[in-house]
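TrEMBL has this to say about the protein:
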type     : residues : note
DOMAIN   : 39-185   : domain 'Pseudouridine synthase II N-terminal'
ACT_SITE : 52       : active site, nucleophile
DOMAIN   : 247-309  : domain 'tRNA pseudouridine synthase II TruB subfamily 1 C-terminal'
């Protein structure tokens with residue numbers, strides 16, 4: 001009796017252009033299904049940052065070994081293009097929600113918007129919306145919201161790196177924003193409306209960049225479905241593609257063997273080739289140009305493996 005062939009676990013990063021009206025979880029499930037076959041196993045997968053169902057755009061999906069490093073995609077800065085409609089406030093802060101307030105549309109010009117954009121750039125504290133997946137006492141905020149409950153949420157530090165506001169008409173503003181992780185563009189949109197002494201909600205949201213990746217390089221679910229399996233596999237980026245912002249350290253064969261046994265190394269003689277750092281530096285490790293994982297290096301030169309590729 002022939003034994004079943006052991007499937008090859010797919011590893012790599014897929015840049016997916018998520019369509020509107022499906023959750024990030026559903027998009028992930030569809031992508032996993034398209035990579036599954038008699039020869040390949042795509043069960044181990046995750047994305048690097050949730051997009052709202054309304055939102056479209058870049059959703060990096062990590063398969064196999066790449067899932068070990070997905071958190072570094074979650075921590076990356078992100079860029080969006082959004083459309084803000086003035087005069088109507090919804091409970092979700094987007095077009096999916098129920099209308100809870102109306103105000104007259106304000107009178108404003110481009111100069112006014114430029115001033116608001118400048119005021120909103122920089123470090124600040126942002127209170128997350130009730131309709132979000134953050135947890136309070138072990139329960140997701142949107143679960144409270146669906147029951148009509150409003151619970152206290154702690155403001156969280158965010159950074160708006162760049163913000164451009166453009167008047168499209170008397171009730172519609174285009175936002176182009178680059179921001180830190182954890183920023184809710186829906187809340188930012190409401191803040192813009194507040195500066196105009198009115199209310200508003202997002203009617204469109206599109207993620208253009210995250211972690212050095214660009215939506216121009218992403219593929220839609222439809223295009224992926226119409227591709228052959230070989231073409232789908234060819235779309236996968238290497239596991240270390242999301243880590244290009246980290247300095248690189250090359251190891252000898254002996255050093256690789258030692259860290260795989262959990263031993264520490266001293267690389268003080270190579271610190272001059274690395275970036276300046278205050279305390280502990282996270283570095284990419286390579287053996288003969290093959291990525292093998294991440295490690296932390298102290299100022300004394302002690303290297304401690306953090307995450308290694310199997």
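Note: Cβ is positioned from N, Cα and C throughout, glycine not excepted.
In the domain 'tRNA pseudouridine synthase II TruB subfamily 1 C-terminal' (247-309), the DSSP tally of helix, strand and coil residues is 14 helix, 29 strand, 20 coil. Residue counts for the domain 'Pseudouridine synthase II N-terminal' (39-185) by DSSP state, with H, G and I taken as helix and E and B as strand, are 28 helix, 61 strand, 58 coil. The Cβ of residue 52 (active site, nucleophile) lies under 8 Å from the Cβ of 94, 186, 205, each of which sits 6+ residues away along the same chain.
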